[in-house]
Every structure is written in C-alpha cells, then in structure tokens.
Amino acid sequence: MGGVGEPDWEPGQRGAPLPTLRWEQVRRHNLPGDKWLVIERRVYDISRWAQRHPGGSRLIGHHGAEDATDAFHAFHQDLSFVRKFLQPLLIGELAPEEPSQDGPQNTQLIEDFRALRQAVEDMKLFEAKPAFFGLLLGHILAMEVLAWLMIYMLGPGWVPSTLAALILAISQAQSWCLQHDLGHTSIFRNSRWNHLAQQFVMGQLKGFSAHWWNFRHFQHHAKPNIFHKDPDVTVAPVFLLGESSVEYGKKKRRYLPYNHQHLYFFLIGPPLLTLVNFEVENLAYMLVCMQWMDLLWAASFYARFLLSYIPFYGIPGALLLFVAVRVLESHWFVWITQMNHIPREIGHEKHRDWASSQLAATCNVEPSLFIDWFSGHLNFQIEHHLFPTMPRHNYRRVAPLVKALCAKHGLSYEVKPFLTALVDIIRSLKKSGNVWLEAYLHQ
C-alpha cells in the first residue's frame, strides 16, 4: 500500500513501495508484545524478534516507538551485517512530511552529532591499539602472580596477606575495566573475539558472567539514569535518587531513614555491592537464563583461587582472603562508576535525542595518567557514553570535539576534580534524602 495506515506490505515484495506511517501510529506500538521502532526513517516491527536480540529484549525494547538511529549506530560496529537482521522486520517508512524524530527534539544538534560521529570515524578513532590492551591484560596477570608469590615466599602473615589482598583488589578492579572494554566490542574488529575474550576475563579472572554484565550494562548505556530502564539507578527502596525522592515522600513511604541515606551508604553501598548484590544477582542470572558456559568459567575462577590459597590459609583463611578482596574491589567499583552519574539528572523517561540524554546523565573527571589508569578511563564518561564502542585510549583525542559541540548548543560539559566528584556522590545522596523528608512531612 502507498498511503498512511497499518501496513499490509510483506518484506519479500521486492520493488513494491513501502507503506508510509506517521509517528502517531508508531507510538501505539510500545507494549510488551507489540513493539515498533524507527531506524533511519524506516519502521521495524521487533515484537517477536526482540527475544532473539543479542543485547537482550529489554535493551531493544527500551527504544520502543522511538527513533533509535543513533543508538543503532552507537552499539554496532558492522552495520551492514546487522542490517541483514533488520530487513525481514521492515514494515514501512515514515511519511515524507513526518519529522525523523518524534517529539520536541533539537534537529540541528542531532545533525551536528551525526556529523561529529562521521568525522570521528574518518579520524579512525574507533580503531584499537592491540599493544595497549595487551599491556593491560599483562599487568593484570602479573599482579595475580605477584600476590601469590608474596604469600609463597613471605608466608601468610598479616603484612603479606594485607599487601596481597590490596594487589588482588587492584587486579580485580583492572579486570572490571578490561572486560568492560571487551563487552563494548572496542578491542577486536570481530565482535565474536571480543565476546570470547570477555568470557575469559569476566569468568576466569573475576568469577562473574559476561552475559549478565552485558545484560545490565547495555541497558545503562541505552537509557542512563532513567528509572526502570537503567539498573544502576533503579535502587529504590534502598536508596532514593533524583525524582524518586519526591515521589516516595508524597506517598509517605518510609522503608528506611532516607534523610540519613548518605550515612548508611558507607555501610551497605561500597562494602557490599560486589560481595553480596553482584554475587547473588550474577548467580541467579546464570541459573535462570541457563548460561552454563558462563557458570563453568565462573567456577574455574573459584577453583583457581581456592586451590592457590588453601595450602597457605586453609579453607576458612582462603575464604576470608576472598571476602577481603571482594570488599576492597567493591569500594573501587562503587566510587569510580557512580561519581559520573549519581550527581547528575535522574528520573523518568524524557524521550530525548541520543546526545542530549547521554550528556544529561554524565560528567567527566579531570584526567591525569594515574586517574586515567585507576578509573579505566571512565573519567571520560561523556565521551564513553556518546561513543561506547570507541577504544578508551582515544577519549582524549575526541574530548575537544565533544566539548566544542556542547559549547555550540549550550549543553553542559562538566569536568570535576577527582575528589570533588567523589564527595558529590555523598552530597547528592544527602540532598535527595532531604528532599524526601521535606515531601514526607509537608506534601
């Protein structure tokens, strides 16, 4: 059909004109079993295929009834390959008089961002340096060996054990960073190699599931700081962030003393996230989703760790060392990953364009050789969120271009000192707690 209406066109009808659709029609298809999305003005019915989406049905479903063009480009390297999967899902295209994006969006910003992405591709900033990532893996393995040699040569006393725990925690933190690079397919050109290497780093070196991490982390990138779409900020009723503070206050919900959440954060946030929450969530995901290969990889980590340290400590001592390492790395994980997000805007879906949504949810931390290494280059969070598949050693080169784009459109490009970024987490929690208390008492 050539007019505007519900499509009756079949993908196999080569040469036939595509049905034309309006945004009003597209918006009606954003239900759990009925989802359409728009990529490059073409409309796709992903209702059935979403369950087969490699990134998970939730990830692609978060873009239901939206223009997902920039997300499509951001998450995929080989677009010609991915388009083969889209073709059978094609049901129409936007009518000529329809805008490319639904709702009040800055068309000029969208065009400028896409021009920036093309310029970045022309500069070959999506090409990785194998030696850089080889050194990262090498220094992780070296720390694992060094920690064991320290106990082997000096014995399991308090001083060697403390030093070994610190070294292992640093190794675990750097493993988080490396598997994060691999999960974003930013090292190898072939996505399969990235995923295989990620399973090794995440499974054998850390004891976690690569599929579990990608499931939750890709959602964070698709919709950062959006409740019920970004798992990292969907933390109520334990902590109240952003708009949830007023909502809980008005509804007189008081499961915890939220006006003191900036204090109990130190007790249950940094110490326990990796040790308790991640361990339980990770195991549940592997069992429920039947990720048996990930389970074997994770089991190989625990087998290696226990076999390495039980001869020196016995079973209780080896488990205590494991807990110490997990608690130390958990502190690193919480502070480093949240310093860029918790102090920023957190709330419900605003349906912004890609660049605006990422910039509203992120900020940077002043770079230095140490901070770049220590944070896994997550101090360049703005650049990472705009270009998630970009190898991190290129963030410094693209940063001035992103900053210029923000200046042109009056967008915030915030860069903080490292310690200020850490303190702002506590300030933000305290502010949200006070907002909750005010709403609880007076609204």
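Every residue gets a Cβ built from N, Cα and C, even glycine.
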Checking the topology in Swiss-Prot: do S175 and E383 fall on a common side of the membrane?
-> no
Looking at 10-14, 100-104, 180-184, which one is motif 'Histidine box-1' according to Swiss-Prot?
-> 180-184
Determine the mean pLDDT over the motif 'Histidine box-2' (217-221), rounding to the nearest whole number.
-> 97
Non-local residues, at least 6 beyond the ends, that sit with Cβ under 8 Å of the motif 'Histidine box-2' (217-221) | 55-56, 58-59, 62, 74-75, 180, 183, 229-232, 385, 388
Residue distribution over DSSP helix, strand and coil in the topological domain 'Cytoplasmic' (1-130) | 49 helix, 21 strand, 60 coil
Ranking 131-151, 153-173, 260-280 by Cβ pairs under 8 Å to the transmembrane segment (305-325), which is first?
-> 153-173
DSSP residue counts for the topological domain 'Cytoplasmic' (174-259), split into helix, strand and coil = 46 helix, 1 strand, 39 coil
Under 8 Å Cβ-Cβ from the transmembrane segment (153-173), and at least six residues away from its ends along the same chain, one finds 140, 143-144, 146-147, 205-206, 312-313, 317, 321, 324-326, 328-329, 332-333, 336, 376
